[in-house]
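Here's the structure, in structure tokens; my notes come after.
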């Protein structure tokens, strides 16, 4: 391999690229905001005037094309990525190959299941059927009933759980409301009169 070809390969491998290529690939939440340099004109050492970040005819471009081709196979399983940060639990994945009606997100016990499936359809290389299932465990302290999911217009599915609120240590204290009533001395005098009457043997009924 010549020196110019080697330098070209190193230069091209350092170019940023979009992370949204593979089927159901787990993405870090911040990766959604990384955009490719698709329109930036790059220099070429080997004389290939290519406007894309990685020239398709270069060795790096051929490797990238092979990786994309492998991503369309059903037997490829990419590692899932879950992120727990200050905003809570979050999972992002590329599902651009699926329609919204072909995606399903559900909670089973303490796990989140994400499934995508479409029947056999024709593409540029023939017919293909895609299907993937991913399972994520709900972190300790998080509530499974608060799981929400969003699908962006560019095909990124985000499943998240808000961060649990801190539980305040409240003592078992209860404020008793004071009720305002009439004068208390009237009730006391009435009770004393009844007691004295019983001590003197006052008849309770009629004399015969």
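Placed from the backbone N, Cα and C atoms, the Cβ positions cover glycine too.
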Swiss-Prot lists region 'Disordered' for one of the ranges 165-186, 187-208; which is that range?
-> 187-208
So which of 18, 52 shows up as phosphoserine in Swiss-Prot?
-> 52
Could you put numbers on the helix, strand and coil content of the domain 'sHSP' (71-179), residue by residue per DSSP?
-> 7 helix, 53 strand, 49 coil
